[in-house]
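Student: This is the structure I have questions about; it appears just below.
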Amino acid sequence: MLDSKLLRTELDETAEKLARRGFKLDVETLRTLEEQRKSLQVITEDLQAQRNSRSKSIGQAKAKGDHEEADRIMADVATLGSELDDAKAGLAELQQQIESIALSVPNLPDESVPYGKDEDENVEVLRWGTPLTYDFEVRDHVALGELADGLDFASAVKISGSRFIVMKGQFARLHRALSQFMLDLHTEEHGYMEMYVPYLVNHDSLYGTGQLPKFGEDLFHTSPLTEQVSDVPLKMLSLIPTAEVPVTNMVRDTITEEADLPLKMTAHTPCFRSEAGSYGRDTRGLIRMHQFDKVELVQITKPEDSMAALEELTGHAEKVLQLLELPYRKVILCTGDMGFGSRKTYDLEVWVPAQETYREISSCSNMWDFQARRMQARFRRQGEKKPELVHTLNGSGLAVGRTMVAILENFQQADGKIAIPEVLRKYMNGVEFIG
């Protein structure tokens, strides 16, 4: 959530910055609501002062023995109290309307983010590795998996439906090896604390990280199978779309001491997404699934450290690709392609031979104080009493399924076997080829 001061005192400037990312702020509605709020705030304060003043007069009248005057003043106070209650209710309604609009407003792009309308205008800043050329017909990961009976889409459809997968044997082991390798790298070399977190979260958590209220249709929500008959209230939960949600919410409603920052946390979880807006896209294979695993990286920093932390966190995700010897490119997202809560985002895109293109495998973002304001996640500087908002960052380190796609296709052999990258072999009991 943006600082409310920006929507009160810098409304036109804020609207202009939001327009750079394709968001039209309803300036006139906000301006009207703010004028009404200020007017009603003055009325509320005046009524409060009148009631307090008249209340004191009751005692004075009684002290003089003028009970008739005291009764008249008490009636006035009751009327003022009723008017004050109405004014407070109106003020609360106006504030709720303003907050409702504020919750739908995305983050402001950083000055270093290039202007653009969509993904076609993202800017490549680095390319690492050279895609291999093959002297045989390249198979995609689906064909490779089915040839080795390691990827079973038919059983997944029978069990759950489309966009799910059953992995078997060495393919399941490779999937597990990837997540173990990523966690070991991030905890042992990059300084992250491994976390095990819930896969079901409450709606407060989803509001905190920005999935709600705007993106509820992208989530899977729990609901009762039948009408509730118990007197116990039903608690609505949602499956996590990313470990960013539970991990970042660790600091919700907390004040962290300056000496304890930065916090660096990582978690391997399944992620669940409805892919509501993806009909017809990537219907074949593991690229776009309802359920997929991901190793997430989260950092909580002081404001002045967050941009350097974004470079560091992105570098940690890049290191995974480099050690796996997977060609990739790094792009900075333009204003029109940024995520809702992001101030600045780098995408890492891995080379997929069968598609002859780079596909996103990691998105690393500095959320600035956008999530922290929603979560009231703060820190206290040494020697200071008043806490400040932290900055939050997150990134994939990496998406396990898409990394597996890249390995299957980039390391395929003419006979359909897959060479295992050297850094993974210790997690595969020394196996050098599968398939």
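Each Cβ is built from the backbone N, Cα and C atoms, and glycine gets one as well.
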Student: Which single residue out of Glu188, Glu189, Glu296, Glu304 does Swiss-Prot record at the L-serine site shared with Thr242, Ala243, Glu244, Ser396?
Tutor: Glu296
Student: How many whole Å apart are the CA atoms of Glu244 (L-serine binding site) and Ser363 (ATP binding site)?
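Tutor: On Cα coordinates alone, these residues lie 12 Å apart.
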Student: I need the nearest neighbour of Ser396 (L-serine binding site) among the binding-site residues Glu275, Glu360, Ile361, Ser362, using C-alpha distances.
Tutor: Ser362
Student: If you compare CA-to-CA distances from Glu275 (ATP binding site) to each of the binding-site residues Thr242, Ala243, Glu296, which comes out shortest?
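Tutor: Nearest candidate: Thr242.
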Student: Rounded to a whole angstrom, what is the C-alpha distance between Ser363 (ATP binding site) and Thr242 (L-serine binding site)?
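Tutor: Per the Cα atoms, Ser363 (ATP binding site) and Thr242 (L-serine binding site) stand 12 Å apart.
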Student: Three states by DSSP: which one describes Ser274 (ATP binding site)?
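Tutor: The three-state answer is coil.
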Student: Give the number of CB atoms, excluding that of Thr242 (L-serine binding site) itself, located within 10 Å of its CB.
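Tutor: Cβ-Cβ neighbours of Thr242 (L-serine binding site) within 10 Å number 22.
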